[in-house]
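Engineer: Just dropping this structure here.
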Amino acid sequence: MQSTAAVSISASSVATGGARSGAVRRAGGVRVSGLRGEASACPSLRISPVAPARLPVAKASTNGAVAGSGGFDYDLVIIGAGVGGHGAALHAVEEGLKTAIIEGDVVGGTCVNRGCVPSKALLAVSGRMRELHDEHHMKSLGLQVSSAGYDRQGVADHANNLASKIRSNLTNSMKALGVDILTGVGTIVGKQKVRYGKVGFPDKEITARNIIIATGSVPFVPKGIEIDGKTVFTSDHALKLESVPDWIAIVGSGYIGLEFSDVYTALGTLDQLMPGFDPEIAKLAQRVLINPRKIDYHTGVFASKITPAKDGKPVLIELIDAKTKEHKETLEVDAALIATGRAPFTKGLGLENINVTTQRGFVPVDERMRVMDADGNVVPNLYCIGDANGKLMLAHAASAQGISVVEQISGRDHILNHLSIPAACFTHPEISMVGLTEPQAREKADKEGFKVTVVKTSFKANTKALAENEGDGIAKLIYRPDTGEILGVHILGLHAADLIHEASNAIALGTRVQDIKFAVHAHPTLSEVLDELFKAAKVSSGLSHSVNEPVAA
Ligand SMILES: Cc1cc2nc3c(=O)[nH]c(=O)nc-3n(C[C@H](O)[C@H](O)[C@H](O)COP(=O)(O)OP(=O)(O)OC[C@H]3O[C@@H](n4cnc5c(N)ncnc54)[C@H](O)[C@@H]3O)c2cc1C
Ligand SMILES: NC(=O)c1ccc[n+]([C@@H]2O[C@H](COP(=O)([O-])OP(=O)(O)OC[C@H]3O[C@@H](n4cnc5c(N)ncnc54)[C@H](O)[C@@H]3O)[C@@H](O)[C@H]2O)c1
């Protein structure tokens, strides 16, 4: 299969290669990006056909709904059936709460229909294609592959079928557990009162003891960028894989930019790099994921204007210097993917009816996800979770926040430790992280007056990685040498997205390095990369075990 190229454009860099500058096409790809992304299953996609043991006693109400406890129609109403809403709903019925979820579009929201799920299906294909095309890699394993190709529609169908399957799993799991799925757009019309129905004509009203807003986000498109859905498009369009352009510019080098650069470079096209990542990992990611691939990148620039292809003319991308705002270059490409972040979807929610003012569209919340009003007071019985509150735009974070809220309304206080929530970028190889980056840890240490130590291990020394001929990668631990507290862990390498959970669980449970270093790992497994990492750490005052205690061989 012929390989194509991409250009990545980022506020921190822009790539050209595959991009045409003037009339000349260059050999690489083009990507446009400003900065900081998944295609696995949904978080807390717990599907149980078993009905909950405890359901509140229900009684008939005047509007035809069945009343939950205390005269409300429901104990909990959730607006938005994305992964956040779904996670909250399942936990709520488990807790015996009479629960309804209102959805204005399709169940599953962004993650299932336009995000994690279809993108990971595409990445599963791109990973295999990349491997099959890597002659050197194949040869070193003793394999001979004469040719490898793909059928674009077949790949697109794989992503679409997976999304449909997970969507129906999500719907069935909620129905089986007794969650009422109400169709329509929800608007808060007063305290503990929601109306839903067609946009602008919400004709049905229900009351709820507690309300959770879980309305998610949509692609953010900067001013000056014209989307036509064919030559200039967002991830919503790109995931349908209606075409694989020869030369594509990816504007934004965050999660979406990086993951799509992996898809496009493997399927024939190209992408730029990640300001939100630990700088050392970002540098290595550039060396492994960008430099050897057909990707040109431009950093320190913004795409100020993008015009779709028209009348035989290519897509035009005007780049300005991120600092001086002076015009730098005009790129010509076949297509542009706009991956410049996401904006909360909170329009039409009726927040003005309850004195809540959004901040750049996000719903303000405290650490318990309780909505704050314009005067800084908690709005009783109203919560907001997931992308709509902007704390951490990740599927599993949305779901975890939902579960945390249900804990609270079930009478158990709960604060979610966001620093223990892992993130992963599903490139080949993968990148994952939890906690602080090294600069963030050093800044905190300076402020609070403690020391920070960093240790690293390499995939090159790991038997399993070498057996797979996948020795590229490192793991990095940032910790306090005085207490052994784990501040951050960053991994780039084979199955990094799965490996990170040992570290995130340790942070969540407060496990220190002087304790976790004695945990035993099966041999030969990739998990030994982390085993080595924890063993490499030196703690001055082992609080639990003695640091001098010999480590079992
Ligand atoms: C391309 C892409 C790939 C991604 N990959 C990953 C990944 O690999 N891992 C990861 O953790 N995250 C990933 N994400 C991010 C993840 O998809 C989001 O963080 C997650 O979907 C947020 O969940 P949510 O429940 O807050 O909102 P959403 O999933 O956006 O769901 C909100 C739902 O609310 C509905 N709604 C909105 N307003 C109303 C209303 N007024 N009334 C009724 N219904 C309403 C919407 O129709 C939607 O169904 C990805 C995102 C994208 C775009
Ligand atoms: N694997 C995952 O977990 C996964 C995958 C995809 C998306 N997501 C989530 O979806 C969200 C959106 O992802 P994303 O990659 O679009 O956003 P992002 O915030 O991660 O990155 C957007 C980048 O675009 C840059 N940018 C903005 N305007 C620009 C311009 N005019 N020109 C050039 N660069 C510009 C920004 O500086 C930034 O670097 C993220 O918050 C992420 O958490 C997660």
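Glycine is no exception: its Cβ is also placed from the backbone N, Cα and C atoms.
Quick caveat, the model's predicted, so the values are computed rather than measured.
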Engineer: For the NAD(+) site that TrEMBL lists with GLY252, SER253, GLY254, TYR255, ILE256, GLY257, LEU258, GLU259, give the additional residue from the candidates GLY178, GLY184, GLY341.
Structural biologist: GLY341
Engineer: Can you tell which of CYS111, CYS384 TrEMBL lists as bonded to CYS116 through a disulfide?
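Structural biologist: Of the listed candidates, TrEMBL names CYS111 as the partner.
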Engineer: For the domain 'Pyridine nucleotide-disulphide oxidoreductase dimerisation' (421-532), what's the mean pLDDT in this predicted model?
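Structural biologist: A mean pLDDT of 97 is what the model gives the domain 'Pyridine nucleotide-disulphide oxidoreductase dimerisation' (421-532).
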Engineer: Which of the recorded positions THR215, ILE256, MET393, HIS523 have a Cβ less than 6 Å from any atom of ligand 1?
Structural biologist: THR215, ILE256, MET393
Engineer: Run through the Cβ atoms and count how many others sit within 10 Å of the one on LEU258 (NAD(+) binding site).
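Structural biologist: The answer is 30.
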Engineer: Among the binding-site residues SER217, GLY341, MET393, whose Cα is within 10 A of the Cα of CYS116 (disulfide bond)?
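Structural biologist: Cα within 10 Å of CYS116 (disulfide bond): none.
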Engineer: Of the recorded positions CYS111, GLY254, ILE256, GLY341, HIS523, which sits closest to ALA395 (FAD binding site) by Cα distance?
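Structural biologist: Smallest Cα separation from ALA395 (FAD binding site) among CYS111, GLY254, ILE256, GLY341, HIS523: CYS111.
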Engineer: If you measure C-alpha to C-alpha, which of THR215, ILE256, GLY341, MET393 (binding-site residues) come within 10 angstroms of HIS523 (active site, proton acceptor)?
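Structural biologist: So the list reads none.
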Engineer: Can you tell me the CA-to-CA distance separating LYS120 (FAD binding site) and CYS111 (disulfide bond), as a whole number of Å?
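Structural biologist: Between the Cα atoms of LYS120 (FAD binding site) and CYS111 (disulfide bond), the distance comes to 10 Å.
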